[in-house]
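Features of the protein shown, as given by TrEMBL:
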TRANSMEM  6-27  transmembrane segment
TRANSMEM  39-59  transmembrane segment
TRANSMEM  71-92  transmembrane segment
TRANSMEM  99-122  transmembrane segment
TRANSMEM  128-148  transmembrane segment
TRANSMEM  160-182  transmembrane segment
TRANSMEM  188-209  transmembrane segment
REGION    216-246  region 'Disordered'
COMPBIAS  216-234  compositional bias 'Basic and acidic residues'
COMPBIAS  235-246  compositional bias 'Polar residues'
Amino acid sequence: MNIAHTIFGVFGNATALFLFLAPSITFKRIIKNKSTEQFSGIPYPMTLLNCLLSAWYGLPFVSKDNTLVSTINGTGALIETVYVLIFLFYAPKKEKAKIFGVFTAVLTVFATVALVSLFALHGNARKLFCGIAATVFSIIMYASPLSIMRLVIKTKSVEYMPFFLSLFVFLCGTSWFIYGLIGRDPFVAIPNGFGCALGTLQLILYVIYCGNKGEKSAEKDDKSLEMKGEEKKQNVVNGKQQEQQV
């Protein structure tokens with residue numbers, strides 16, 4: 001059982017790393033266009049909070065045999081911090097204020113949990129407190145793309161829901177869900193079971209709408225065709241006028 005626990009922990013580390021790196025494609029686009037467009041910035045600070053709390057929960061003085069949980073989430077916290085800073089740099093003023101507020105709240109919540117667990121709680125009470133906090137915010141992290149899923153259904157386009165991000169949400173959630181079941185750790189199994197289910201829903205939406213351009217793209221195409229048609233008509237009129245002058 002310990003071998004299986006370690007195997008799924010290592011696989012969970014690998015899939016989680018890919019999950020953390022998957023948005024790099026989105027951020028390349030943001031940096032290139034110098035705009036966050038319609039991409040949501042909420043998932044990144046929420047993922048940061050999840051990483052910080054999970055890394056804290058995995059430390060030996062909080063819970064035993066969860067070193068793999070701590071290492072990958074510590075790495076994820078660094079990556080997500082970079083994403084948040086880039087998003088803040090390129091976001092419009094209103095969105096920037098919103099994300100900065102969420103980012104500040106994230107750091108405040110983590111500092112509070114860490115200090116309370118370190119100085120006020122000990123033993124099983126510390127594990128229970130940190131585990132509940134990590135579980136709650138892990139579920140919130142997995143739920144944060146729901147706004148993007150709503151946008152996908154509304155626009156009938158997956159343009160703003162990257163495939164690889166959805167895929168690794170599913171793989172990461174599944175691997176850590178099994179890891180938690182083998183280790184009999186509900187604080188790992190419960191939130192990642194939710195992540196597995198949500199990742200499945202995202203992939204289903206991708207299959208349904210991946211072939212669609214979406215309403216906005218279709219409107220742009222229609223406008224482009226209309227403009228080309230008008231240009232052709234104008235060229236014909238100009239040509240006739242020139243013939244009459246000759």
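From the backbone N, Cα and C atoms, a Cβ is placed for every residue, glycine too.
Note: TrEMBL annotation is automatic and uncurated.
Relative to the transmembrane segment (188-209), the listed stretch 160-182 leads the set 6-27, 39-59, 99-122, 128-148, 160-182 in CB pairs under 8 A. Using a Cβ-Cβ cut-off under 8 Å and counting only residues 6 or more beyond its ends in the same chain, the transmembrane segment (39-59) has close neighbours at 20, 23, 26, 30, 66-71, 73-74, 76-77, 80-81, 83-84, 87-88, 91, 95, 98-99, 102-103, 105-106, 109-110, 113-114, 117, 127, 130-131, 133-134, 137-138, 140-141, 144-145, 147-148, 160, 187. Sequence-distant contacts of the transmembrane segment (160-182), counting only residues of its own chain at least 6 positions beyond either end whose CB sits under 8 Å from a CB of the stretch, comprise 1, 4-5, 8-9, 11-12, 15-16, 18-19, 22-23, 25-26, 37-40, 68, 142, 145, 148-149, 151-152, 188-190, 192-200, 202-203, 205-206, 210.
Within the chain carrying the transmembrane segment (128-148), a Cβ under 8 angstroms from the stretch's Cβ atoms is held by residues 40, 42-43, 46-47, 49-50, 53-54, 56-57, 62-63, 109, 113, 116-117, 121, 160-161, 165, 169, 173, 186-187, 190-192, 194-195, 198, 202, all 6 or more beyond its ends.
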